[in-house]
Every structure is written in C-alpha cells, then in structure tokens.
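Some features that TrEMBL has for this protein:
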DOMAIN    21-151  domain 'CMP/dCMP-type deaminase'
BINDING   N62, V63, E64, N65, A66, S67, Y68  substrate binding site
BINDING   C73, C106, C109  Zn(2+) binding site
ACT_SITE  E75  active site, proton donor
Amino acid sequence: MCSESKQMVGSPSPIPGISEEKFQILCLKAVQAKENSYSPYSQFPVGCALLTEDNTIYTGVNVENASYGGAICAERTAIVKAVSEGHRKIKALAVSTNSSKCSSPCGICRQVIREFSESDLKLPIIMLDKNGKKYIEMTIDELLPLSFGPDDLEK
C-alpha cells in the first residue's frame with residue numbers, strides 16, 4: 001500500500017488549515033513516539049500523534065499486557081490523553097509503526113477516532129511508514145464507511 005504513498009520530506013501539508021510546519025511536526029512526533037511503546041509480546045511498536053482544535057499535539061503509544069486483552073493501542077492512548085485534558089475535537093491524526101508499509105488504525109481505534117471526529121467525518125488520518133518518509137492520507141469516513149457515531153443515537 002505504501003507504493004501508492006506520497007513522499008514526506010519537503011512536501012506541503014495535504015490538510016487544509018494545517019501549516020506545512022505543523023504537519024511535519026505531527027508526523028515526526030508520531031514516529032518518535034514509537035520509542036516509548038511497551039510491546040514486549042507483539043514486538044510491534046506503534047506511535048501516534050494527534051492535533052486538537054487549538055493546535056495542541058498529544059502523543060500515544062501501544063501498551064501491551066500479559067493478558068493480551070488489557071492492551072491499548074497508540075491511537076486510543078493519544079485520544080484518552082487529549083480527552084482527559086478537555087479536548088473533544090481532533091483536527092488530524094498520524095500513526096507510525098516499524099513496518100515498511102503504511103499501517104492503518106485497527107477497527108476499534110477507527111471507531112474511537114470517529115467519536116472525536118468533526119461531524120462531516122473529514123478528519124485526516126496520516127499513515128506513515130517506519131521512517132516517516134512516506135505516507136498515505138485518508139479521512140476517517142474513507143477508513144470507516146457507513147460508521148455509527150453520536151449523531152446516530154436518538155435523543
């Protein structure tokens with residue numbers, strides 16, 4: 001899938017309303033976050049960085065557990081950190097693994113990302129290769145079509 005990816009270095013931000021500098025920082029923080037991953041069982045470190053509406057960046061890593069079911073993904077770690085600090089809207093999210101492929105968020109992470117997406121579901125998800133040199137950018141709507149979210153609940 002990375003064969004269809006875009007080159008990172010020196011490329012302008014593909015995201016309207018986000019400067020090239022902020023885009024590069026967001027992606028770099030996702031790549032750097034992997035260093036703090038606790039992944040002794042899968043040996044698959046994941047780093048995530050998200051940008052909130054006020055341009056604050058939060059990072060997260062996957063944290064595994066010997067029971068396996070107690071693990072939490074990097075995307076959800078970053079979201080929980082942002083939400084616990086009062087942020088409810090995400091402008092962009094970047095994720096990086098040690099794979100040469102551009103890996104996408106898992107299903108449960110897609111659903112949690114969707115919860116904090118803009119109502120138009122155009123939240124950009126940047127999937128980076130292991131070095132952050134190539135990426136694929138898709139919206140949450142493209143990654144989770146026909147999604148179920150807060151607007152679907154009858155009140």
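Each residue, glycine too, has its Cβ placed from N, Cα and C.
TrEMBL does not curate its annotations; it predicts them automatically.
What you are looking at is a predicted structure, and each value in this text was computed from that prediction instead of being measured.
Cβ neighbour count within 10 Å across all protein chains ranks C109 highest among the binding-site residues V63, A66, C73, C106, C109.
Long-range Cβ proximity for N62 (substrate binding site), meaning a same-chain Cβ under 8 A and a gap of 6 or more residues, is found for S37, Y38, S39, S42, F44, P45, V46, A71, I72, C73, A74, T77. A count of other CB atoms within 10 A of each Cβ picks out N65 as the most crowded of the binding-site residues N65, S67. Listed in chain order, the extra residues whose Cβ falls within 8 Å of the Cβ center of the substrate site residues N62, V63, E64, N65, A66, S67, Y68 are Y38, Y41, G69, G70, A71, I72. Annotation for Y68 (substrate binding site): same-chain Cβ neighbours under 8 Å, separated by at least 6 residues, are Y41. Here E75 (active site, proton donor) is positioned 20 angstrom away from A66 (substrate binding site), judged by their C-alpha atoms.
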